[in-house]
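Student: Swiss-Prot feature annotations, pasted as is:
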TRANSMEM  11-31  transmembrane segment
TRANSMEM  39-59  transmembrane segment
TRANSMEM  77-97  transmembrane segment
TRANSMEM  110-130  transmembrane segment
TRANSMEM  140-160  transmembrane segment
TRANSMEM  176-196  transmembrane segment
Amino acid sequence: MEHYISLLIKSIFIENMALSFFLGMCTFLAVSKKVKTSFGLGVAVVVVLTIAVPVNNLVYNLVLKENALVEGVDLSFLNFITFIGVIAALVQILEMILDRFFPPLYNALGIFLPLITVNCAIFGGVSFMVQRDYNFAESVVYGFGAGVGWMLAIVALAGIREKMKYSDVPPGLRGLGITFITVGLMALGFMSFSGVQL
């Protein structure tokens, strides 16, 4: 149990997808203008990562890994296309659920919901799972932790950006300029966790 707790904390803070690996920056910067919308997208990313990482773990270990289906057959060259297909299917299912049961959130996320399919934070989580050879339980914990870490980062940035509306930002830095500086400072803050051994 201690191993899973340390993996969860590590994936949220130490190896934060957005602020340590800078994955998923497109939606991270574009949607982080309002906390409510950021939280909604963050929840969607948590759900997709929590499901996509373990499902792709099963697909990898039962089908794609060397000697998984037949002795001497290695289908690992299909990793990328298979993982992207599974992620796309999961995002489509999530999109249909949000459209049916949460129309305001669906409308607020707009084009960024289908973009979760190509959000490199999702694919990065799946790739790290394969690279680190996580078992099924570890992949569930890692997927959830990576999603929560990304959500924490985007909600924190949205809160800061909402407060910055009332700040006297120099004209040359208004908009994305000050946002990039803010993200850099947040990343420096998260770098302080890099020396923590769990």
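Sequential numbering from 1, following the chain as shown.
Note: Cβ is positioned from N, Cα and C throughout, glycine not excepted.
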Student: State the residues, same chain only, that lie 6 or more residues beyond the ends of the transmembrane segment (110-130) and have a CB under 8 A from a CB inside it; answer 'none' if no residue qualifies.
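Tutor: Cβ under 8 Å, 6 or more out: 15, 17-18, 21, 23-24, 26-27, 30-31, 41, 44-45, 48-49, 52-53, 56-57, 60, 79, 83-84, 87-88, 91-92, 94-95, 98, 138-139, 142-143, 146-147, 150.
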Student: Which range out of 11-31, 39-59, 77-97, 140-160 gives the transmembrane segment (176-196) the most CB pairs under 8 Å?
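Tutor: Between the stretches 11-31, 39-59, 77-97, 140-160, 11-31 has the largest tally.
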Student: Where else in the chain does the transmembrane segment (77-97) make close Cβ contacts, counting only residues six or more beyond its ends and a cut-off under 8 Å?
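Tutor: Same-chain residues near the transmembrane segment (77-97) but 6 or more away: 44, 47-48, 51-52, 55-56, 59-60, 63-64, 106, 113-114, 116-118, 122-123, 126-127, 130.
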Student: For the transmembrane segment (11-31), give me same-chain residues lying six or more residues beyond its boundaries with a C-beta closer than 8 angstroms to one of its C-beta atoms, as numbers and ranges.
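Tutor: For the transmembrane segment (11-31), the far contacts come to 37-38, 41, 45, 109, 112, 115-116, 119-122, 124-125, 128, 141-142, 145-146, 148-150, 152-154, 157-158, 176, 179-180, 183, 186-187, 189-191, 193-194, 196, 198.
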